[in-house]
Amino acid sequence: MAPSSSKAEKKGAADAAAWMFNVVTSVGIIIVNKALMATYGFSYATTLTGMHFATTTLMTGVLRWLGYIQSSHLPFPELLKFVLFANFSIVGMNVSLMWNSVGFYQIAKLTMIPVSCLLEVLFDKIRYSRDTKLSIGVVLLGVGVCTITDVSVNTKGFIAAFIAVWSTSLQQYYVHYLQRKYSLNSFNLLGHTAPAQAATLLVLGPFLDYWLTNKRIDTYDYSAVSVMFIVISCTIAVGTNLSQFICIGRFTAVTFQVLGHMKTILVLIMGFFFFGKDGLNLHVVLGMIIAVVGMIWYGNASSKPGGKERRSLSLPTSRPQKQSNLSESDEHDGKV
C-alpha cells in the first residue's frame, strides 16, 4: 500500500505542478498581450502568434542540439491535420472575436467542453457518469454567469464561431491522441508542430491582420518598450505552448477545458485588483463560486471508478520512442 500511495502522491504533485505552470503562463501572456495591444497599439494578433511559435521552434531546436530531446517520428499527414486544426483555431478565434459580441464569443468558448466530450465519446469510447456530466454543467453555468453579458450574433459571426469551436476542440483532442499513438512527449510533439505553425502563421499572419484591423505590420512604429513587450510575450508563449501539451497529455482535452476556466476566474479577479470594483459585482462573484464548486465536483466525480472511463482500449500505438530526459510520466488510459 505504501509504494502505491507514494506513487499516487507523486503523480498528484506532478499534475498540480503542470497545471500551475499552464495557469501562470496563460494568465501572464494575457496580461502582457493586453498591454502590448491596448497600450502600444500592436494589434497584429495572428502574426504575434507566429512569432510565438517561431520562438518555441528555437527553444526545441536548442534542446535537441543539447541532447535533451531525442529524435522521434510523426507522419506528415498527421502533422498536416494538426497544423490545419491549430491554425483554423487561431484564425477562427480572432475572426469570431471581431465579428461577434463579447457575450456570444464567450458562449462559443463554453461550447468547446461539450464538443470535446463528444469527440472523446466518438473516438475514444469514453463513458461519463451522471455526476461527471452534471459537474460539467455546473462549470458551464458558473462561467456563463461570470462572463456572458450582451449576446448578439449574425450569420458570418456564427460561422466564424462554429469553425473556431470545432477546430480548437479537434486540435486539443489531437494533442492527446498523437502523444498516445506515437509515444511522443510534449517536447517532441512541439518540435514537430511548432515549425510548421510558425512558418504558416508568419506568412499568412500579416495579410490576415491587415484584413482584420486595416493596419499593416510593416508600418507599425516600433519602440524599445514595445519590442521588449514582444520579446516578453514570445518568451512566455514558449511556456504556454509547452504547458498546454503537457496538461493535455497528462489529462484529456475535456479536463483541460474544464480546468481552463479557472484561468477565466483568475483573470476576472486580477482585473478587479488592477481596475477596481467596476469589474466585480454580485452576479460575477456568484458565477465564480458556482464555477469553482463545479470544478471541484468534476475533479472528484471524474476520478471515481466509472466517473470517466474508456469502454475499449482499441487505440493503436506505434513503436515507442526512446524517452528523453524531459519526458512526462506515462498515464493510464481512461484516467483524468
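Keep in mind that glycine also has a Cβ here, set from the backbone N, Cα and C atoms.
What TrEMBL lists as compositional bias 'Polar residues' is 314-327. Per TrEMBL, the feature domain 'Sugar phosphate transporter' maps to 24-298. Among the features that TrEMBL reports, region 'Disordered' is placed at 303-336. For 12-32, 44-67, 79-97, 134-151, 157-175, 187-208, 220-239, 251-274, 280-301, the entry in TrEMBL reads transmembrane segment.
The stretch in closest packing with the transmembrane segment (187-208), judged by the count of Cβ pairs under 8 Å and taken from 12-32, 79-97, 251-274, 280-301, is 79-97. Contact between the transmembrane segment (12-32) and the transmembrane segment (134-151) is not supported, since fewer than 3 Cβ pairs fall under 8 Å when only residues 6 or more apart in sequence are counted. The largest share of C-beta pairs under 8 angstroms with the transmembrane segment (134-151) comes from 280-301, of the ranges 44-67, 220-239, 280-301. With Cβ pairs under 8 Å as the measure, the transmembrane segment (220-239) is packed most heavily against 44-67, out of 44-67, 79-97, 251-274, 280-301. Residues of the same chain lying 6 or more positions beyond the ends of the transmembrane segment (79-97) and with a Cβ under 8 Å from any Cβ of it are 45-46, 49, 105, 108, 157, 160-161, 163-165, 167-168, 170-171, 174-175, 178, 192-193, 196-197, 200-201, 204, 208, 212. On the 0 to 100 pLDDT scale, the domain 'Sugar phosphate transporter' (24-298) averages 89 in the predicted structure.
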